[in-house]
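For reference, the structure is listed below as structure tokens.
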Amino acid sequence: MKLALIELYIIQMPLKSPFLTHLGAVTDREGIIVKITDKDGLTGYGEGVAFSTPWYTEETVTTSLHMLTDLLIPLLKKQPIKHPEEAALLFKSIRRNHMAKSAIETALWDLYSKQLSSSLSAILGGSRSEIASGVVVATDSTIHALKQIEQYVEEGYQRFKVKINPEQDYAFLKEIRKTYPELPIMADANSAYTLKDLDRLKALDEFNLLMIEQPLAHDDIIEHAALQKEIKTPICLDESIASFDDARKAIELGSCQVINIKVGRVGGLYEAKQIHDYCFARNIPVWCGGMIEFGISRAHNIALASLPGFTIPGDISASNRFWEEDIILPEVQVENGFIKVPDSPGIGVDINEKRLKETLLFKKSFRF
Ligand SMILES: O=C(O)CCC(=O)C1=CC=C[C@@H](O)[C@@H]1C(=O)O
Ligand SMILES: [Mg+2]
């Protein structure tokens, strides 16, 4: 792919309002933007979606920076590649660190698509010109949740995900269902329960949820399979699926009926597409998860979600769900509940240089 330069930018931006789960609050988002320039001056962008601390998965911004600087970029320098898939396979010689790998692998996909003057969606095999948009409500009170849902319904979102935990589940969902008996709602527990909570979880069946996401431990597929036999609500796995093999095993075991594919969590677009293809062949619905991310990652998610197996609206919301001003131009917009899939080369958005500068904490460059 004739790489000439890789630049890493660490940026930080406040959220418009805190994102609250039982695991803590996110008020500011740090992230890594990867820019790769080839010998002809074409550029590709990727985003590292690890958080500042390891509350969601084990990676952080600091561990990602270390992996990129000391291992992944040196590996790419040593081994020239012709296709982003080669980078994904090359990176398998390093264990896990999926978000760091994805940051650079996604930038290569953007660059590769631009080298071919094709949209990333088309390169991946996307078949949609627009994707249905869903949104996450992450707050600690029923009143705030109802207010947010009201606003998001007005804005046209098509699927609503609420965060639950043993302190905020049955009564919380009952109130929401009282106001919105038919709304497409799902619940995400981020591992707040154990099998001891079986009765609590069974009770949630009455709310006709689209699914319950990651009720049990972040690294479990065995107990989720046991739970799925006991509850009617389909289980969707998020944290437990870190690779194609994890997805395959979870499906074989009956641990879930739906998979949330997050590009960063599984190590990049190559692995994400493998999971999609496997599920699509078996009629298992997938949707694209979010990571409270900036526009670069959102744009990659939009391209991925244009694949035919993404039949459920994911956590791809508008830039203004979280940000006063995003780092891309044009920003991601939701119109009548849909987001347009760009047909211009690569991810189809430009970097907002002014915003990148305003939010920049640190920059590092690597010449090839
Ligand atoms: O990006 C979004 O729109 C929200 C994403 C979201 O819900 C999550 C992001 C990161 C960690 C989690 O709490 C949560 C999830 O588990 O899916
Ligand atoms: Mg989740």
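Every residue, even glycine, has its Cβ placed from backbone N, Cα and C.
The DSSP secondary structure for Lys163 (active site, proton donor) is strand. Contacts of Lys163 (active site, proton donor) defined by a Cβ separation under 8 A and a same-chain sequence distance of 6+ are given as Leu20, Thr21, His22, Val136, Val137, Ala138, Thr139, Ala187, Asp188, Ala189, Asn190, in order along the sequence. Annotated active site, proton donor per TrEMBL: Lys163, in sequence order.
The feature active site, proton acceptor is assigned by TrEMBL to Lys262. Spatially close to Lys262 (active site, proton acceptor) yet at least six residues away along the chain are Val49, Asp238, Ala272, Cys288, Gly289, Gly290, Met291, judged by Cβ distances under 8 angstroms.
Summarising the annotation, TrEMBL assigns Mg(2+) binding site to Asp188, Glu213, Asp238. Counted within 10 Å of its Cβ, the other Cβ atoms near Asp238 (Mg(2+) binding site) come to 23, all protein chains included.
In the predicted model, the domain 'Mandelate racemase/muconate lactonizing enzyme C-terminal' (143-234) has a mean pLDDT of 97. For 143-234, the entry in TrEMBL reads domain 'Mandelate racemase/muconate lactonizing enzyme C-terminal'.
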>> Summarise the domain 'Mandelate racemase/muconate lactonizing enzyme C-terminal' (143-234) as counts of helix, strand and coil residues per DSSP.
In response: 44 helix, 13 strand, 35 coil
> Where the criterion is a Cβ under 6 Å from an atom of ligand 1, which of the recorded positions Lys163, Glu213, Lys262 meet it?
Replying inline: none
> Sequence gap of 6 or more, C-beta under 8 Å: which same-chain residues meet both conditions with respect to Glu213 (Mg(2+) binding site)?
Replying inline: Lys161, Met186, Ala187, Asp188, Ala189, Asn190, Ile235, Cys236, Leu237, Asp238, Asn260
> Helix, strand or coil: which one is Asp238 (Mg(2+) binding site) in, per DSSP?
Replying inline: coil
> For the Mg(2+) site given as Asp188, Glu213, Asp238, which other residues of the same chain have their Cβ within 8 Å of the site's Cβ centre?
Replying inline: Lys161, Met186, Ala189, Asn190, Ile212, Gln214, Cys236, Leu237, Glu239, Asn260, Gly289
